[in-house]
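Quick look at what TrEMBL lists:
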DOMAIN    1-347  domain 'Major facilitator superfamily (MFS) profile'
TRANSMEM  27-46  transmembrane segment
TRANSMEM  58-80  transmembrane segment
TRANSMEM  86-106  transmembrane segment
TRANSMEM  165-188  transmembrane segment
TRANSMEM  200-221  transmembrane segment
TRANSMEM  233-252  transmembrane segment
TRANSMEM  258-280  transmembrane segment
TRANSMEM  292-315  transmembrane segment
TRANSMEM  321-345  transmembrane segment
Amino acid sequence: MLGGLLASTGLILGSFATSLKHLYLTLGVLTGLGFALSYSPAIAMVGKYFSRRKALAYGIAMSGSGIGTFILAPVVQLLIEQFSWRGALLILGGFVLNLCVCGALMRPITLKEYQTSREPNHVCRTQKQDFKRTSPCSTWTKEWVQTCLCCSLQQEYSFLLMSDFVVLAISVLFMAYGCSPLFVYLVPYALSVGVSHQQAAFLMSILGVIDIVGNITFGWLTDRRCLKNYQYVCYLFAVGLDGLCYLCLPMLQSLPLLVPFSCTFGYFDGAYVTLIPVVTAEIVGTTSLSSALGVVYFLHAVPYLVSPPISGWLVDTTGSYTAAFLLCGFSMIFSSVLLGFARLVKKMKKPPPRIPAQESDAKRQLWTNGSVAYSVASELDQKDRESVAMAVPGYNPT
């Protein structure tokens, strides 16, 4: 709700801007911060509400951004033509206020996992309040508050020390580096190989629509019983296939070849975007999912800023798009291979399952007296055997 308020304020203030610096502050800082505050909690709430068909729920939720882009692009253009850009920003500011309504509809729910993890914090808060009543002006109170705050932050972000999450974070950096330049350079590349302006724009429309289809259908597919336990592998598969599409792109120099490329890349781009929250939840759990997604999407955004300029520099230096596309493809493939290798190493390090002891094992004997089960080692001395025989009728010490 706070994010919706900030985003709306930025758009409304932007409509009164008189210089580019004002737009940097309003549209860039205020609206950007508002959308950031709205996006991560909205995605994290899906994981708290749904458990059986989580991937499908994520797919439907995340397809909203693609649907909105597809629908609002011509609508915003129409608003600009009718009311100028200032009027369009003002109308969009009022429209974005609906995020506050969406936030109000997210009813908090309590999970057993959440209750278990929050018990230490509840005890800490109770002790802190009691301590404040006894000595409200004491310096010990401040130290206790700082200690509780540090403990809470340490517990909330403890996933940063998990080796699986560190590997995921590194792979996200490489994956994000590879996926963003295509949306910037697909149209210029198509124009460079002789495709018309309308046909090049049509490629981007195909990419956007199929991306929405991938969001929903791949989430539905990975929720099937046969793939439910292999969502991690499906994520690796989708990222790797997008990388392979990049490697093939320099050889595609006509519209009939670029259309299947746009369909394939768009589908698997929507596929792995859907599974990012699922894979993150599998590693950190639902309790810290909101914080973990914030870190993941922050790392996802950093290469988005860096990779298009690097790709542009490669295009200017080499005179072609081949080097830029190959670098993006290998980056995504490395991201997939890195996660797959880490999962393989983790499985190899797992200790073998323990073989249950046989009933004839002399080291352990089990019997039941009512609802209580007793376990006695065979190395008991004779005195202990006699005491057990007196306590349990019918027991033969031999």
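Every residue, even glycine, has its Cβ placed from backbone N, Cα and C.
In TrEMBL, annotation is done automatically, which means it is predicted and not curated.
Only sequence-distant pairs (6 or more apart) were considered; of these, fewer than three Cβ pairs between the transmembrane segment (321-345) and the transmembrane segment (258-280) are under 8 A, so the stretches are not in contact. Same-chain neighbours of the transmembrane segment (86-106): 1-5, 7-12, 14-16, 27, 34, 38, 41-42, 45, 76, 79-80, counting only residues six or more beyond its ends whose CB sits under 8 Å from a CB of the stretch.
Beyond the transmembrane segment (292-315), the same-chain residues lying 6 or more positions past its ends with a Cβ under 8 Å from any Cβ of the stretch are 39-40, 43-44, 159-160, 165, 168-169, 172-178, 180-181, 184-185, 276-277, 280, 283-284, 321, 323-324, 327-328. For the transmembrane segment (258-280), same-chain residues at least 6 beyond its ends with a Cβ under 8 Å from one of its own Cβ atoms are 43-44, 46-47, 54-55, 58-59, 62-63, 66, 168, 172, 175, 179, 182, 186, 190, 195, 203-204, 206-215, 218-219, 222, 231-232, 234-235, 238-239, 241-242, 245-246, 248-249, 252, 289, 292-293, 296, 300. Here the domain 'Major facilitator superfamily (MFS) profile' (1-347) has a mean pLDDT of 81 out of 100.
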